[in-house]
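Report on one structure; see the data block that follows.
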């Protein structure tokens, strides 16, 4: 159970779940500026610097990990791993959308889109519409920030400002979504912020809205032991204090670690989809991006990347 969440909580880009989007964008920005980057997101830095979230803006400093390493080598390894994880995750789901577009899908839905910039940075075929669903203030911040810098979407982009715990299918249809057309759906960095029953309901709604040939991709929720969570919390508090950075939000307290959460691939297989799951650890090692020492490796704490296609 999450200790900082309520049944109808809301947020903007600098608070609660909204601020986690800044963390992810900071990692994308850091990755983009590497010589051998897995992904290129030219807009991530813009989105981070205007958000005012302290520690995540610090990640933009090219010397950040090196500086942290001088004080706490293990914390530096964790930060390096976090950046690499986000790069690998982004790379994986970018490829998912590229394959969907090559298969002729022209209707895209990004759930809890946060500061996702794919509508702007991917090479979408003509006729593609990207629907982004998130809290209104989060969507407003992203679109306003990019517009101020003259950045235009690479596809038709439609904002659906609504909480996923409300009637988002009706709002999506109201924005022009056509359930009779195949759709590519993405739930990236989302499921861990939903209770188990809400996760099931989300996939039920996706299934109801999906024509045959639709595709869905999701990052599953990992589970971390409480003692390890506390250890991480204390370490990051020390780092923030030592380097005079704004204390980071305790992301672990925003997450629902429900023990009865359904396995996403199994759920999809049982509801008319054909699913495949790839371990994020496996994908990170395949791309030579694993940064954690062996004593910090916990299989249950890491997510899977699931993709599936609707059969009927």
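Glycine is no exception: its Cβ is also placed from the backbone N, Cα and C atoms.
The model shown is predicted, which means the values in this text are computed figures rather than measured ones.
For residue 163 (S-adenosyl-L-methionine binding site), the number of other Cβ atoms no farther than 10 Å from its own Cβ, over all displayed protein chains, is 17. Swiss-Prot lists 134, 163, 164 with the feature S-adenosyl-L-methionine binding site.
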Protein Cβ atoms within 10 Å of residue 134 (S-adenosyl-L-methionine binding site), excluding its own:
30
Do any residues at least six apart in sequence from residue 164 (S-adenosyl-L-methionine binding site), in the same chain, have a Cβ closer than 8 Å to its Cβ, and if so which, in order?
111, 112, 133, 190, 194, 198, 202
What other residues of this chain sit with their CB within 8 A of the center of the CB atoms of 134, 163, 164, the recorded S-adenosyl-L-methionine site?
111, 112, 133, 135, 162, 165, 166, 168
